[in-house]
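Sharing the record's features from TrEMBL:
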type	residues	note
BINDING	172-179, 254-258, 318-321	GTP binding site
COMPBIAS	20-33	compositional bias 'Low complexity'
DOMAIN	339-352	domain 'SRP54-type proteins GTP-binding'
REGION	1-33	region 'Disordered'
Amino acid sequence: MSDDKAKPGFWKRMFGGGPEPVAAPTAPIEPAPTEAAPVPVAIEQASAPSPAAPEPAAVADGPKPSWWSKLKSGLARTSSSLTTGITAIFTKRKLDAATLEELEDVLIQADLGLDTAMRITETLRRDRFDKEISDEEVRAVLAAEVEKVLAPHAVPLTIDPAKKPHVVLVVGVNGTGKTTTIGKLSAELTRAGRSVILCAGDTFRAAAIDQLRIWGGRVGAPVIAREPGADAAGLAFDALKQARDEGRDVLIIDTAGRLQNKAELMAELEKIVRVLKKQDPEAPHSVLLTLDATTGQNALNQVEIFGRVAGVTGLVMTKLDGTARGGILVAIAAKFKLPIHYIGVGEGIDDLEPFDAADFAKAIAGLER
Ligand SMILES: Nc1nc2c(ncn2[C@@H]2O[C@H](COP(=O)(O)OP(=O)(O)OP(=O)(O)O)[C@@H](O)[C@H]2O)c(=O)[nH]1
């Protein structure tokens, strides 16, 4: 795979520029039973942000764009990488060994993964070899094959109403969008009538605590937090106790994501899980891993590491709006076969949506719904 990427001048030939540098179905949330719990008294309620905390993106005024238009514009860079490459190959050309090889290169460059790239070219070879083919027909095959890979993994996050609370542990490398995703998810759950409480378990960074407080304030969810440097597992234990006492539906726990010290990270996450299980042997009921799409291939390593350390039960891919490398979601689905619950295409409160394989596949292939 890396050999293909290293071919001199390949990217320039296809897209006229340099490759992007490597950087770092509606969820079945049943309506909540009527909340009879007393007014929550969090250890620390959501409060005014400190100046250090980044302000989450404001909700835009005016008519809201549909999710499909957000998804399409969010994935525009990924789809234009793919479609520009496909058009360059297939304008008035027959499907032969050379065009298939060029196509495979384009698909690999878009981070779809070797298996999926080969699957697509094999389908074309089988059905259309030595025939004229338009770029639109190639894009239709691309969308169909990508959808086949993704569809079994497009699984909504289910919140078990029998759990009081259903505990969601959110893990991932710092900056991948954990806190923002927690904010967006809390907004969705709150809208669905769930009573949500948040725990600022990334005690390592003051700004992360403040940022969660801002989100808590926006969605009306109490935030249980302590001073930076406090023991994250102790905090998670107290948060679960409070959530149980208050009869909350959902407890969402933020965590630190210092990959540079894997041993410490592992010890901290294991300790959090251990102390949660003391109160509820089934907790955490969901372990969500946030992945930043702009990191491309690096996201594969993160699934591997956090899968091992934290027993990830589902994925959220963020920042699909900021990258040409959205194809990485396909490679991840093919390799790890984990449920993909949500994707994020922006920083706003409404920019998280349950993952839909058909929409995603069409959007990256530049097709209409
Ligand atoms: N464009 C875009 N930006 C996003 C998305 N999700 C999160 N972000 C931004 O990414 C940055 C990092 O997000 P955080 O939620 O702070 O990430 P984190 O994993 O909690 O990181 P720490 O706070 O460092 O632990 C913030 O500026 C977010 O607004 C997304 O889907 N699209």
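Glycine too: its Cβ is placed from the backbone N, Cα and C atoms.
Where the annotation comes from TrEMBL, it is an automatic prediction and has not been curated.
The structure displayed is predicted, hence computed values, not measured ones.
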May I ask for the residues of the chain that lie six or more residues beyond the domain 'SRP54-type proteins GTP-binding' (339-352) and have a Cβ under 8 Å from a Cβ within it?
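Long-range Cβ neighbours of the domain 'SRP54-type proteins GTP-binding' (339-352): 27, 56-60, 64, 70-71, 73-75, 150, 153-157, 177, 180-181, 183-185, 187-188, 218-219, 288, 313-321, 329, 332-333, 360.
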Return the count of C-beta atoms lying within 10 angstroms of the C-beta of Gly172 (GTP binding site), excluding that atom itself.
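Result for Gly172 (GTP binding site): 29 other Cβ atoms within 10 Å.
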What is the total of other Cβ atoms whose distance to the Cβ of Leu320 (GTP binding site) is within 10 Å?
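So the number of other Cβ atoms within 10 Å of Leu320 (GTP binding site) is 27.
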To which of the binding-site residues Lys178, Arg258 does the lowest count of other Cβ atoms within 10 Å belong?
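Result for the binding-site residues Lys178, Arg258: minimum number of other Cβ atoms within 10 Å at Arg258.
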Reduced to three states, what secondary structure does DSSP give Leu320 (GTP binding site)?
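DSSP assigns Leu320 (GTP binding site) to helix.
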Which binding-site residues from the list Gly175, Thr255, Arg258 come close to ligand 1, meaning a Cβ under 6 Å from one of its atoms?
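Checked binding-site residues vs ligand 1; flagged Gly175.
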Using DSSP, what is the helix/strand/coil residue split across the domain 'SRP54-type proteins GTP-binding' (339-352)?
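Going by DSSP assignments, the domain 'SRP54-type proteins GTP-binding' (339-352) contains 0 helix, 6 strand, 8 coil.
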